[in-house]
Each structure stands twice: as C-alpha cells, then as structure tokens.
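Peer 1: So that we are looking at the same thing, I have put the structure below in structure tokens.
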Amino acid sequence: MTLPAAGALNGGDLTSPLLVNANGATTKKAGTEDEYWEAADEAERRAANESGGEDGRPLLFRTYKLRSAILHPYRALILVRLIAVVLFFVWRIRHNDSNVMWFWTISVAGDAWFGFSWLLNQLPKFNPVKSIPDLAALKHHYDLPDGTSKLPGIDVFVTTADPVNEPILCTMNSVLSILAADYPVDRYACYVSDDSGALILYEALVEVANFAALWVPFCRKHSIEPRAPESYFALEVLKQTEHGPEGFMNEYKRVQMEYNDFKMRLDNLSDTIGKRSDEYNSKRTSEGDAKATWMANGTQWPGTWIDPTKNHNKGHHVGIVKVLEVQCMVVLDHPSHGHHQGPEVIDGNTGVQLPMLVYVSREKNPSYDHNQKAGALNAQLRVSALLSNAQFIINFDCDHYINNSEALRAAVCFMLDQREGDNTAFVQFPQRFDNVDPSDRYGNHNRVFFDGTMLALNDQTTSQPNLINIGESKSFLDSVSQAIKQERPITPPPIDDAFVTEMEMVVTASYDKGTDWGKGVGYIYDIATEDIVTGFRIHGQGWRSMYCTMEHEAFCGTAPINLTERLHQIVRWSGGSLEMFFSHNNPLIGGQRVQLLQRVSYLNMTIYPVTSIFILLYALCPVMWLVPYEVHIQRPFTIYVVYLLIIIMMIHIIGWFEIKWAGVTWMDYWRNEQFFMIGSMSAYPAALLHMAKKLLTKKDIHFRVTSKQTTTDTDDKFADLYEMRWVPMLIPTFFVLVANVGAIGVAMGKAVVYMGVWTMAQKTHAGLGLLFNVWIMVLLHPFALAIMGRFAKRPIILVALLPGKHATSLRSLVPFCPAVISDLPRSAAADSPVAKRISDAKESDVWVAVEEGDVSGAGSGNSSRAVLFRTMKVKGSILHPYRFLILVRLIAIMAFFVWRIKHKNQDGVWLWYMSMVGDVWFGFSWLLNQLPKLNPIKRVPDLTAIRDQYDSSKLPGIDVFITTVDPVDEPILYTVNSILSILATDYPVEKYACYLSDDGGSLIHYEAMFEVAKFAELWVPFCRKHRIEPRAPENYFGVKRRPYIGTMQEEFKSDHRRVRREYEEFKVTIESLFTTIHQRSEVYNSKNGKEHGMKATWMADGTQWPGTWFEPAENHRKGQHAGIVQVILNHPSHKPQLGSSASIDNPFDFSNIDRRLPMLVYLSREKRPGYNHQKKAGAMNVMLCVSALLSNAPFVINFDCDHYINNSQAFHGTMCFMLDPSFGQNTAFVQFPQRFDDVDPTDRYANHNRVFFDGTMLSLNGLQGPSYLGTGCTFRRVALYGMEPPRWRVDNTKVTGKIKEFGKSTLFINSMLDAANQERSITPMLFEQSINDELTALMSCAYEDGTSWGRDVGWVYNIATEDVVTGFRMHRQGWCSMYCSMEPAAFRGTAPINLTERLLQILRWSGGSLEMFFSHSNAFLAGRRMHPLQRIAYLNMSTYPIVTVFILAYNLFPVMWLISEQFYIQRPFGTYILYLITIIAMIHVIGMFEVKWASITLLDWCRNEQFYMIGSTGVYPTAVLYMVLKLITGKGIYFRLTSKQTEASSNEKFADLYVVRWVPLLIPTIAVLVVNVAAVGLAIGKAATWGWFTEQAQHALLGMVFNVWILVLLYPFALGIMGQWGKKPVILFIILMMAIGAVAITHVTFHAAYQTAWSEIANSVSNAKSVTGSSG
C-alpha cells in the first residue's frame, strides 16, 4: 500500500506520489533492536525530550540502522567482488583464446553486462534503514481525552475493472476491512472506482453498507484482526476477548451466519439483476426499447448493461440522471450527517457510525484513451477532492484488504513527524499475500525485494514547488489549497446542482485533455508500470518517501499462483520498466533532484530485463554438447571456471548478509534466484520483444491484466498451482530445460564412450560443464513442476523421470560416436512408471448381460413377475484368458516346487526347509484367494421395475439400526447427520423406522435426538421439495457446487440459504449440549445437594437421567446403568400431511410437500458389571428384539454411526433384491460397498479398499454371495432369527415353545411369524404397561442367559469380526446374499487416515478372522449347503494373517548380509530367480485382468499391494501372536476400537494423515524398512568391492532388486512415520539415497583396506564357502 499526501498528487506547491502495486505487511517482527539493527535516532529523541517535545510536531517513528559488525563486512565484500569482476574481465581480454571466437565475444559482452547490472543492483543497498511507526506516541499526541481526534483526513481508493476476473467477493472484503479500520470515522472516506460500470458492483456496495452495520461494531467491540470477514472466519484459532469466551462465541457465530447470508446475496446479485431487468423490459417491449439493465428503484442503469448497446457497454457509457448523472453515487453518507442505522445485534446498540463510502465510475468514450488504472485513479483523485478532500490518500487493489486495523495510523506517523513529515510524499508498505502455496513456488512473496531492496532505498530528501495546469474545475482548484492543511477533518459540501455539475465535469473522458494530468499531475499515463514512474516523478521533484514495516502485517492480498498468470504479471512489470527507460522519464535524463544512488536504483529497475538476453544465451550453451568435439568458451577452461565459481560464490555470500539483515529466509532467497532464472527465459525476453515492436512500429503495447479468478477446482486451496495453461512464452524455458537435460545425458554418454581416450583434463572439463547443466536444472525446478500439472503434487515423479531422460540421451548418442569401445553395457533405466487411472469400464467393454437361467442358484419365487435387478457377467474375451492365466500360474507353481525339491540346497538346510514351507503356504494362500474369483457377477437394481410393480402401499417395512458408543470418540455430529439422512430418504415414511442404540447411555445422545426431530421438520420437506442429494446436511452443504435436479429452481436459492442458516444454528445447539446439560445439572444439584448428596445428571424435565452421569455414581456409569427406550418421533399416519404455504412467519412454501417423518426411537440397553455385554453384536441383538415389538419390519438395515445415506434411492435398491421373484425369498442379506468421504486423494493407506469391495465381492456374487461387512447391509429379519431359507425348510416354521432359543418374552416370540411376511408393513404397538415391561425385560442383561442368542440367533458373539461370522452362519444354513452397487454410491462414511488408527483397525479385523478359524464357525465345519468355492473364500478370510509370518521372515532375510559375504536360499541361484520373476510377473498380469473387470484403477491396485505388505510386516503377525496367547491362556483378546475423532488441526482437511502416534505395532515394520535399506547399501558396497561384472556381484544386485521392491511397497509407511515431513516425499527419497550411500561407502571402506585390488577380492570371495542366497 502507498499513502501519499493529497497535495502532492494535486500538484501546485506539491506534486504527486508513488503508487506501487503494493499491499501487505512483514511477517518478521519489526521495530525492535536485535543482533543486526540498532537505533539511529537516539540523538534526535534526546533533543526532543530535552526541549519538552513541543518544538512543532512530535517524533512519530523510530529509525534503525545496521550494526557496524554486519554493515562493514557487507560493504567490504561488495568492494572485493567488484575488484574480482574487474580482474576477471582483464584476464578474459588478455586470454582471448577460444575455438569459437564469435561466441567468446558474445560471452565477454554478456559478462560485462552481468557485472554492470549487478553493480546497479548493489550500490543502492549500501545504507539500509528501517523505519518503524510509533503508534503509542501518535495516540498520545493526537487522540484527545474527550474521545475526539486531531488526526488528519484520509481518502482510501479501491480500484476494480471487472467483477469476473476480479471476484466481487474480494472487492467487498477489501471495502469491509476499510470501513472497520481503527481510525476516526469522520476522518476518512472510502472510494470504490468501478472501471467496468457494472450495476452488480454498485448493488454489492449497498449490500456491504447493510452488512457493515453489523460487522464494524463487532470488530470494534472484540478488536477483531484481520477485519476482512472472509480472512477472519478462515482463521483456525480465534483470539479471546475481554468480553468472555461465551459471549464472544455467541456473537461470532451469529455474525458468521450473517456473513454467509451476505455472501449468498452477493452470489445471487447477477441473477437478481437479470430477473429484475427481464421483468422491467417485458413491460416495455411495446415501446421498442432495448434490453436495458434496471436498478432496484425502477430506473435504467446508466453504466454497462447485461446486453450491451451503444452508450451502455464497456468502454462507452454515460452519466446518471441528476446526482447520479455523473456516475458518482454516495452509498454511505458522511458520518457528520448522522448515524447509519443498523440491526440490533451487538449489545443492543443500533446506532452505527461508519465512514463515508462512495461509488465512482468515470465516463467512458471510444474516442478517448482512458489510460487504464492510472486514469481511474486520477478520476478518483478529482472526485475525492470535491467530496472529502482529505490531506492523505491510500490506494488498494481490489483484492487487498487491511490486515492490521492500525495500518492507517501507522502511515500518518510518517506524514506528521516533525523531522521530515512535510517533505514526505508517500509511505510504502510491503506487499503480503495469503493465498500463496506454502513453498512459494513462483516467488510471489518476493521478500528479497520487499524486505531487502526497499529497506536499502529507505532514505531520501527535499522539495521545491512547481506550477502546473490541473484543469478547469473551479471547485477542484479551490480544493487544492485546502488539501495542504493538515489536521483537518473531511467535511463534504452539500450536494446541489452546481456541485453535481462540477462532479460531472471531473469524471468526463475529456477532462484530462490539454492539462498536465498524467504528466506532471496525478498518476502517470502511457506506461504499464504507472506506479514506478509516478514515484520517480515525485522523487525527481525532491520529495522523500518512507518504507513502513509493522510487526503485524498491515495489508494482505492475493497473488497469481498459476505459472502462466504469474509470468503474464512479470511481462507487464518488465515491459512497463522498459517503457519507462524509453520515455522522458528515463532515470538518466529525468528527475533533476533525484539522489545519485536513487537514480542508480531507478536505472536498474528500468533495464533489468535486458540481462535476460545473455542469461538465455548461456542457458542454451549445452546445445554445444551435440558437437562431436570439445567447445570451450574460454581457454584455459579450468581457470575460467575457477574465476566463475569465485565470483558466483561471492555473490551468494553477499546474499547471505542481505538475508541476515533483511530478515528473510533461505527459501525466500532461493525462490528469488529460481524465478529470476525462469523469468529470464520467458517473461523478460517477451517484454523485450514487445518493446522492440513498439519502437519499430510506434504502436502501444497491450499487456494482459492478471486474472484473479481461478478456473480450477475450488475444493483444493492451491488447485490453480497445478493447472497448466500453455502459452508461447513458455517455449524458450521449456527448450532450455530439454537442452540441459539432454546435455547431461550426452555428457554422460561421452564420458562412457571416451572413457579410455580422454585425458584427465578433458574429464575435468566435462565434469565442470556438467555442474553448470545441473545448476540450471535446479534453478528451473519450479518450472519443471509446473509443466507436470497435477503430477507435480508428487515431486518424486520428476526426480524419477529425469534419469530416464538422461539414459535416453546417452543411448541416442552412442550410434553417432566413434567406435572406441567395442561393447558397451546396456542401461536398464527406463521412464518411471506412473499409476494411471483407468476409467470405469462400460458394459460393452467388460460386462455382458446374463441370459435368464444362466446364473447359479435356485429360485423359488413367482417367476411370472419381472425380475427386479439386472445380472451381468464378464465377457468371454476377458474371462477366458483370465482363467487360463490362473491355470498356467498354478502349473508354474507346481513345477517350481518340483524343481526346488529336486535341487535341495545342502548348505543351510534349515533355511531351505523354512523357505520351502513358506513358498508352499504362499501357493496355498494364493489358491484360496484366487479360486472364488473364477466367476465374477455384477448385479444392478432396476429401480424403474420396482416402482412399476410396487407402489408405496405395497413396499415392505424396514427397520434401520444405528449403533454408537461414545459421543467423543464417535463425534455426535456424525451420528445426527446419519439419522437426518435416514429420516429424509426416498421411501414411504410409514414403511420404515429408525433406531439409535447408545451403548454409552449418554444424555447427550438422547437430547440430540430431540434436536434432530426439530430440525428434521425443516430438513426433510426441503429435501423432498428440491430432491436434495446427499441428504446428510453436513455433507450436502460441504460441497460448494452441485447440479440442481429439482423442479423449483426459482425458490431453491432462498430456501437453501435459510435452511443452511438453520443448520448452522442446529450445529451450534448440538455442540453446546455438553455445556448445556452440565450447567443444568449444576443448577439442579445445587438445589438438591443436601437431599441427595451426589452430583446427578439431570434431564430437561427436571428428572435424573437413568443412564450414565457426567460424574459416575453407582448404577450411573459406563457399564452399569438401567435400560432406556424412548420413542422420539411416533409412527406417522398413513395419509400424507401437506405443509403450509409461505407466510410472514413461515418463509418456506411446503404446501405440496408431505411433511410426515418416520418413527425415531432411542434405546440404551441395561449394563451390569457381572455380564459380558458383547460390544456391538450385543447392542444389535437388543435392537433386533426391541424393534420386533415396536415396528417388526421384515427387513433390517444397519449403519455405523459415521455412515449416512448418500443416494436417497438406496432403500428401493436393496428391495429390488429382497423382493425379486426368482431369488428374493432365499436372499438373507444385501451388502453394499463401503465408500468414504474423508480419505486423502492418493488413498495412502488403501482405505477405499476397492480391490476387495469391487473385486473380491463381485467374485463372491457369482457363488452364494458376498460376506457381511458390518455396515450398509440389509437383512431379512427371519434370517437373523436363525431360520432356514424357504428352499431348505421341511415345513412351516414353528416358533411356539422356543423359549430356550429366543428367551422368555411371549410378545417377541409371537412377533416372529409376522416378520416372515416379506410384504408386511410396520404396525407399531400401543404403549401399555405390559409393553413397557416386555421392553425392559428384552433390554436386560440377563435376558439372553441360556438362549441361542449370539450363536444360532442374531449377531454372533465372542468374535471381534461379528459381521463376517454372522454372514457365515447364514451362508452355512443355505441362504444367499447379494452385492449391490449403485451410482451414486448408496452409503458413505468416514475412515481412519492416520497410520496408527488404520493399523489398529486392521489388527482388529485380522484378529477376528483368526478367532473365527479357531471357533465353531470354522469354514471346514460348514455343512453341505455351503457352496465349495464359498467355503474356500471363508477359509481364506479366516487364515490370511498366517501367511504373513513367512512374509515377515522373507523381509528380514537381508540380515544375513551382515553375517557373511554371500548366502544362497536355492542353487542354482540364477534359475531360482528366473522362476520367482516368472511367478511374480504372472500374478501381476492376473491382477491387471482384475483391474480391468473390477473397473478399479492402477493406483487402487498398487495401494492394495502396498498396504498388504505394511500389514504383513507388523499388524498380521501381531494378530497371530494374540491368537497364540489366547489359545494358550484361554483368555479373550481385547481389540481397541477405531477412533473417529481426529486430534489434528481441523484447518487442514487431511491433517490427521501427517500425525505420528507411536505404538509398538510400528516397530516390526520399521525394522524391516531399516534392514532392507541397509541390504541395498551392502549389495552396492559388495558389488563395488568384488567388481561390478563378477558373478557374485551380479547375484548381489539381483538380490537387491528384492530389497528395492520391499522398499517400494513400504513407501506409504515410510511417509507415515515422517509426520509433517511426509508432505514432501522428495525428502524421503533424499534420506534413503543418503542412507544407502552411507552403508555402501562404509562397507567399501572397511573391506577395501585389507585387499590390494578388487580382482583379488572377487577371486577370494568366489572360492569361499557360502550357505544361502543374497537377500532373499
């Protein structure tokens, strides 16, 4: 930001100020003495104190200079480097020896220019000064005790030109931050210049005025920082205020909701104006008028119309009638004219005083040059002179805002200071940005310039007046003399006809004509960088300027983080600099009073793009490598390079000093170097071409204005960083990158080809040249990432690609080189494989419809009815090769075993036997996994068919079960969203009921259900009216844009805004339940403390909660409380109940919407210490019993509390299978795939698990069906009761007298026959005492004693994976299951993205699988009703952890490397490796077929492989260990439940991914990782010791391939244990390379010392006895 004196801009005795594109403040602490800075104004302050400080004006800022200890060495280094550069030139001229003299001449000219340019840049930095405002002194001298102020007036200018490229929300946030600044409101005014003349900006300012009445007092009351609401509400941590956290949070949430409404209104302005204009235009069509744009007051907008016409388009629009005739409209009047009235929100105070806010849009006419931003600023300057005429002016770009509310005060500290205040023309603040990516890839922060160069220029001098022509407006001429008076408030004159005429005059397009505006007055015209040249003019008249840094950044804005936009910005700046050089403002001839070093600095600013010519030439030098012979720029080459290294090193040492005193970081310095190089090969040459064209053709240059509107995915904060927008400007840089990559490859190729021919000097020269190429590539690293697009999110890909390119260059070189060497080793390097996403396979590509009768299984239903789902099988062209490959691999495995047995290894027999057992188990495990996949089947529900055959009256009833335990570990917001999605699903409301089981007995869950019931009265009709998807509000409102599929779009936006506001209030209520209940309980306990003597938890009706209390007591703690059941929402009537029409009290029109809600029940079973409550399985069984009495629906769906309905047709989809005439009666359950929302984009820990859900489950769909997976599953109730399927029943089921199996509840047993009717609706019983007694008995701990519950009835007990074993029991009885996939996904939930939580989840699953194997549910014990391949699938599910014992052993075999020189598992080793490679390759080829027919991606498949290896090295062996302990001790295993509550920062979506939670479970995998890293290093070290081409070395390297493969598979784990460093995978790559290199060097060092030559080592090792293979 710049704050110039108004008089300086208006001309006369003072002239205009600098306007730099500035905004922002420093990130480092400013204004304190430290090891680098010391006070420079002590003498002045001492004199001021001695004189009482009243000799004019006070001292209002502090000045600091560099300490001598750093300044003098800094200056000395500059002098030494200057001498070195001169000596270098002398040496080069004296040794003008080169085999390409023309190139030598160019290089000398380039080096001379480099030296000259460096000198221009360095000399002005000889005396850096830091100036810090003294805000306390300003307040002391200018703020009066009565609350008034003597501070001078300030006019604030905001400029914008396009509401699309410069988003309107940014502009309005800028204005709001200005209105809320900490400055007397009667002392400043805000002017918004709209150069587009768009009505939308004017009406947006009206909205700003309304919202400011709430926002400004909120900011003042709570000292809010920053005061731009968009930035403030994005803060992660809120500052607590003196008004208390509770009062603050209430107001905070209220203001935030108002701000969300304000944003919604801004978003709707375009539609609002369009509809209003269409309405007005439709009334006037008969008059033949054009399609005008209409204001809210019914008058035509005089600016740009939506449908442009003459006088109403961009570049051509006229004034506004009467006061608005000159397009200058006062939106907020000056505060001296009265208070602006706002809503009563903050402390009940409705009087809100705000600064004056003015909208300005100058006249546009095609006949005139409007001079872009400079012309708009000059128009603002003239209008403000008439309206407020403040002494000082501050200007903003529309995307910048006030980040420090005291910034305006800081600026005037310099203007009012007694020393040089009168001679200070402007105060410049550093620019800061808040949207730049953390690594600042393209140097947007530019701190080297703002915190280095600007501090160095911070000391200039004096002025004399000039007489100038400023136009014909008398009022404006009168305002010039008034502007010189300081400490004057701004008092606008009355707006009469004469005043309107004057304003109309000063904003006309012709006003500048014949005047000094744009030359000697105001902002300078005809140069793209109007800011720099305006500042130069001011300095040329003798004015001084100040650079202001503040501890808390003054201003912040946005910067282009897209490479192309950033380069366009640089082109405009550098082109403007060149225009300045070739104009009358050339620093060599202009500015008579400019200080010498200031002139040098301006000269540097205007000619720096010229340097790029020579940089580009040097960067293209590597093309010379393509010449067969050596090319030297200078001879002797070595001395030349030494000179260069010294000079370059010295400039970086000088840079180190600048880093120290400027307070910037090495990263800032490095980014500055990198982007200067990128600009020198793209933007600067483009600017030079533009300038040359202008000089030759005399035509002005048009530079594209930087767009601030992103076109990329807004869900990713830095998405624009990864979007590649190709423009011709990028070609030179791309060519330089390719040339240097090729040069490295060619250099390496020449080194190989000429290795035996080159002399040592030639080799040295090649190595030195190579360093230059590498340096260029390092500097171009950000550019290389940019052209990779979204692949740049994984920089490791770039590192992997470059060696492949080098190898390609090496290979291409060999055919053209002399045949010095007869045989060259071939490189195995190739381009690094990149996982590519395979699009979902279409039916015509992979799947084909199955003919009726082809599907295995028996149907027993009514075949006359149409089937309700479609069945598809894999095409023969894919299925047959897939099966054939499985057979071929099976034969290959058998042949491998036979070969191994015939070639038994006599050395290390124990290891051979162990590996043989492992390989046999690997083959057996693979066969168990592969056989069930021989016949994959896909079934898709036919929703049209079920709607045709079953209207709402015929659909069966459904009971929906949700289970939760803890409102903290399982956040209550997840649970209530799950319930809301169920209540709003598209299914007849009288046909289903929702049950919540709270196993913690928490009052919070109970009261949350009542809040859910209240909000559902609004949410459910809203969903039905507008066909909302998904119907969980948190997920619906979390998506920024969704296509509207309803039929009432005109009402949708208003309904959406109101419902969202209600939901935000609902969330606040839910989140405050903890506090509300606790405070209520404290009140009741204080009243009843003497009577009861314990602190109970109290319900809202004044009764004690029968469940768990906050302070546990007897019968009121977790694991010990009474059973509770409460119907929250009663069963609805069978007739629709339509909502009411919109009214004053009810803004929603639900007149045609059914507002009924399904039944909602809360229950918490009884808990007693002496009983095993069987965790989730026990809770599900209690829900099954309770629901049998209350609704008794024939079908049951269960959800985890963090899952919600994502597709409102899901219930219809599941009924398609249950009601199908052929297979429905024998279908026990329908399983949906699990999908998750919160998984990181790369799915690092394979949470999506698509290989299992979309591969294995589809395969089982061709047998008896998929296994039950715990959530998102629909059951037939009678199947849960343990009844047999119809096709296996001998006679009708008899349930009377089955008390021993089902318990003593007669009502429950009688309900079982009704549950068998699959077309039955739900008919709840009337609540009577007998029903209550039955419910109490069913929920009691003792009810299941002596019954079959948990074994043959309900969910199975005593196994951690109660889901899989429950499904197994049903399949064993002969039931079938179905796998249903829908688009969009039926259900979605959350998954643990933290490594430790994910591993604990896997531990529970694998432990439960082993428990299943060692129980009565062993797949071997299943009866004849189970399909043989289904039995094999269950056997695989229950034994898969065992195979990992052998995997872990194989992974640890590299330890053998540390014992002796060589080990062989099998001999002959080469044949053994060939067998292994063949078998492993075949399994991956089979995997590619599965990837194809399962429609998953290569990334999904790779993640599955990687996480299986991670689990195999830690989790699965731990599960095996647990199971062994259980079998030995007879004690059950306790597995920790997965927490769904993140502990990481909520400001970062995937923050939990980078949190390391250390547990012993991680140790085995870390050991495997370390061992294999060491093994790779040892293999390289041994190969180097033995000789690379010996047989032993080749065996070692073959073994190393195994180790590298293990490391690749453990890559996600390695990232996980790196924590926050895991965000930069390249760090991991560097660490691994360093570790491997260290091990290799250590081995060579300790072994080579005792040998005379590598050949002797190889001979001795080859004769040594060995017992096993390399690394496995």
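Here the Cβ of each residue, glycine as well, is placed from N, Cα and C on the backbone.
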Peer 1: Would you please say which range out of 726-748, 1002-1024 has the annotation transmembrane segment in TrEMBL?
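Peer 2: Range annotated as transmembrane segment by TrEMBL: 726-748.
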Peer 1: Compare the C-alpha of E970 (UDP-alpha-D-glucose binding site) with the C-alpha of each of the recorded positions K1176, D1200, D1363, and give the closest one.
Peer 2: D1200
Peer 1: Please indicate, using numbers and ranges, the residues of the same chain that are 6 or more beyond the transmembrane segment (768-788) and have a C-beta under 8 Å from a C-beta there.
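Peer 2: For the transmembrane segment (768-788), the nonlocal Cβ contacts are 441-442, 563, 619, 621-622, 625, 637-638, 641, 671, 673-675, 677-678, 681, 724, 730, 733-734, 736-737, 740-741, 743-744, 747-748, 795, 797-798, 802.
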Peer 1: If I take the alpha carbons of K1176 (Mn(2+) binding site) and D999 (UDP-alpha-D-glucose binding site), what is the distance between them in whole Å?
Peer 2: 8
Peer 1: Between D1363 (active site) and D1200 (Mn(2+) binding site), how far is it from one CA atom to the other, in Å?
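Peer 2: Spelling it out, the Cα of D1363 (active site) and the Cα of D1200 (Mn(2+) binding site) are 12 Å apart.
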Peer 1: K1175 (UDP-alpha-D-glucose binding site) to D1200 (Mn(2+) binding site): how many Å between their Cα atoms?
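Peer 2: Rounded to a whole number, the Cα-Cα distance is 13 Å.
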Peer 1: Pick from K1175, K1176: which of these binding-site residues has the biggest number of other Cβ atoms within 10 Å of its Cβ?
Peer 2: K1176
Peer 1: Find the longest CA to CA distance in the recorded UDP-alpha-D-glucose-binding set E970, D999, K1175; express it in Å as a whole number.
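Peer 2: So the binding residues stretch over 15 Å, Cα to Cα.
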Peer 1: For E970 (UDP-alpha-D-glucose binding site), what is the tally of other C-beta atoms lying within 10 angstroms of its C-beta?
Peer 2: 23
Peer 1: Including all protein chains displayed, how many Cβ atoms other than that of D1363 (active site) lie within 10 Å of its Cβ?
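Peer 2: Looking across every protein chain shown, the total is 24.
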